[in-house]
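K.L.:
Sending over a structure as structure tokens; questions will come in a sec.
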């Protein structure tokens, strides 16, 4: 009898300690809301630059497979419109396909 009371009491204590309180759950939801944010990377703009011109966004570059890519000149980062991704013809064709998909989801005007 005493053993069963001890087991029941221990089970209740474990259940109370293990269950999260309402306050901690509310705080956790608040933290989740703070972490959720929408980041818009591209703004709707018409293209105005050709391959080789300096750019800041994909929307500035004209062409279905042209994206604003990063190259390094003299150790400095330069962004320019480009469509070539590799010297290998097969990899370059795959890269152009990826550029096309990236431009599709950029929502440029």
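Placed from the backbone N, Cα and C atoms, the Cβ positions cover glycine too.
These came from Swiss-Prot, pasted as-is:
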- 1-18: signal peptide (SIGNAL)
- 47-62: disulfide bond (DISULFID)
- 55-68: disulfide bond (DISULFID)
- 59-108: disulfide bond (DISULFID)
- 61-81: disulfide bond (DISULFID)
K.L.:
In the structure shown, which of the disulfide-bonded residues 55, 61, 62, 108 has the fewest other Cβ atoms within 10 Å?
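P.N.:
62, out of the disulfide-bonded residues 55, 61, 62, 108, has the fewest neighbouring Cβ atoms within 10 Å.
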K.L.:
Between residue 108 (disulfide bond) and residue 47 (disulfide bond), how far is it from one CA atom to the other, in Å?
P.N.:
8
K.L.:
Write out the long-range same-chain contacts of residue 47 (disulfide bond), meaning residues 6 or more apart in sequence whose Cβ is under 8 Å from its Cβ.
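P.N.:
Once residues fewer than 6 apart are set aside, residue 47 (disulfide bond) is near 59, 60, 61, 62, 63, 108.
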K.L.:
What kind of secondary structure is residue 61 (disulfide bond) part of, going by DSSP in three states?
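P.N.:
Going by the DSSP assignment, residue 61 (disulfide bond) falls within a strand, counted as strand.
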K.L.:
Under a three-state reduction of DSSP output, how is residue 47 (disulfide bond) classified: helix, strand, or coil?
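P.N.:
Note: residue 47 (disulfide bond) is coil by DSSP, not helix or strand.
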K.L.:
Validating a neighbour-count step here. Other CB atoms within 10 A of the CB of residue 68 (disulfide bond): how many?
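P.N.:
Taking all protein chains shown, residue 68 (disulfide bond) has 21 Cβ neighbours within 10 Å.
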